[in-house]
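According to TrEMBL, the signal peptide annotation covers 1-28. According to TrEMBL, the domain 'DOMON' annotation covers 55-187. Per TrEMBL, domain 'Cytochrome b561' is recorded for 196-393. Taken from TrEMBL, the feature heme b binding site applies to H232, H269, H302, H338. According to TrEMBL, the transmembrane segment annotation covers 233-254, 266-290, 302-320, 340-358, 370-390.
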Amino acid sequence: KRQKKTMSSSSTLIKFMILSFLFVNIDANHQQCSDKFAKLIEQRNITVCKRLRTQGAEFGWNYHNSTNSTTTLEILFGASLVTSQGWIAWGVNPGERAEMIGTKAIIGIKNPDFATTSSSPLRVNTYDVTKETKSGCSLLPNKNIGLNVSHMVFQDEGSSFYTIYARLVLPSDEYNITRLNHVWQIGNAVSDESPLRHPINLHNVDSTETIDLTSSRGRSTGQFRSFLRSVHGVLSIIGWGTMLPIGVIIPRYFRVYPFKKEPLWFYLHIGCQLNGFLIGTAAFVIGLVLGHSSRYYIFHTHRDFGILIFTFSTIQMLAFRLKPKATDDYRKYWNMYHHFLGYGLLAIIFINIFKGIHILNGGYKWKWSYIGILICLGAIAFGLEIFTWIKFIMGKWKDNHHDKKENLQQNKDKLENVSVQNQK
């Protein structure tokens, strides 16, 4: 009964932690655009706008069916560009998914060198983003991208905010305006009229979505991957980063010394490790799904550490079934392997969680939340360690004091025996 109560309360605590962590702030899909951008679209008679979910970008549009086979789309894209040179881009992808490769892009470039040959450091052109671009080939202006694009304007709106305006004629057989794959991007380096590679982080990788232009608020489906990333991070922190360390602390201090809680420590240890493994495995599976969805951007170190964590933790789980008996000669070697692998696994987990937070750009909330968890676990372990050493030292002192008393008593008894014999 005690075991069932312990496991039940442990399960309730885990559920509470998961629900608490899952209430994270995910970018709202229906955010209204800023007042400044609303005024800009009003000047161009554009009626619909929305904030895009990454990089502080905003997007406004109008559309009408020119013929049965084409749709005319009028767009205004805005983003901040704080560097002395750089570029902003918006485009559509006729493929099956919203991604960079295959995008027909409109890119506005800010390059001070342009001012030497013209009155403005700004230029805008169309570009065809291909696999060769991802491989490192220069991305050059291309007028033949398979779309009729006109009235392109790249403009400085003040306060480091720039906009791209354009009209596009979309063939209906290639572009469905109820499920239009569109991509946006910001970069900080250029070479003449070629935009150079943008930073590789999740804000850049996730700057894609599939949008319904017929919706009054631009309903989109691209945010699901961002939500999965948050769930992946939450489950990793709870499973790998919290439950497994608790499972290590319990046998260290409650198995034999300083507190002997037999067999309660074993049930708690198994419960924490098993729940941590199951939650962590769920995070691992979600990570594999996310890795598959980002075909062109893979965070290799984070992925490899994740595979190591899952492999080592699986071995640790199997170790419970393959554990030798206490009387077996190999038991001490099993204990050594189990302990060292467990401590090494924790080190990899801590490193990889912070790598994941850095990749996720979770900011101070994610970082300091997990640091707070580690501080709590560390404080508990440190307090128990201090108590263990104090109890050990006091026990040694008592044993030594008791031994001295026994020696004194034995010497006293010997002297008394000698004195009695001498008297006789």
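Placement of Cβ uses the backbone N, Cα and C atoms for every residue, glycine included.
Distribution of TrEMBL features across the structure.
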{"residue": "H232", "record": "heme b binding site", "contacts (Cβ under 8 Å, 6+ apart)": "A283, I286, G287, L290, G356"}
{"residue": "H269", "record": "heme b binding site", "contacts (Cβ under 8 Å, 6+ apart)": "G247, I250, P251"}
{"residue": "H302", "record": "heme b binding site", "contacts (Cβ under 8 Å, 6+ apart)": "N352, K355, G356, I359"}
{"residue": "H338", "record": "heme b binding site", "contacts (Cβ under 8 Å, 6+ apart)": "Q316, A319, K323"}
> Considering only Cβ pairs under 8 Å, which range in 233-254, 266-290, 302-320, 340-358 makes the most contacts with the transmembrane segment (370-390)?
Replying inline: 233-254
>> With helix taken as DSSP H, G or I, strand as E or B and everything else coil, how many residues of the domain 'DOMON' (55-187) land in each class?
In response: 9 helix, 69 strand, 55 coil
> Which residues, given as numbers and ranges, are at least 6 beyond the ends of the transmembrane segment (266-290) yet have a Cβ under 8 Å from it?
Replying inline: 3, 6-7, 10-11, 14, 18, 225, 228-229, 231-233, 235-236, 238-240, 242-244, 246-247, 250-251, 254-255, 303, 306, 309-310, 313-314, 316-317, 320
> Mean pLDDT over the domain 'DOMON' (55-187): what is the value?
Replying inline: 92
> What is the biggest Cα to Cα gap, in Å, among H232, H269, H302, H338, the residues listed as binding heme b?
Replying inline: 27
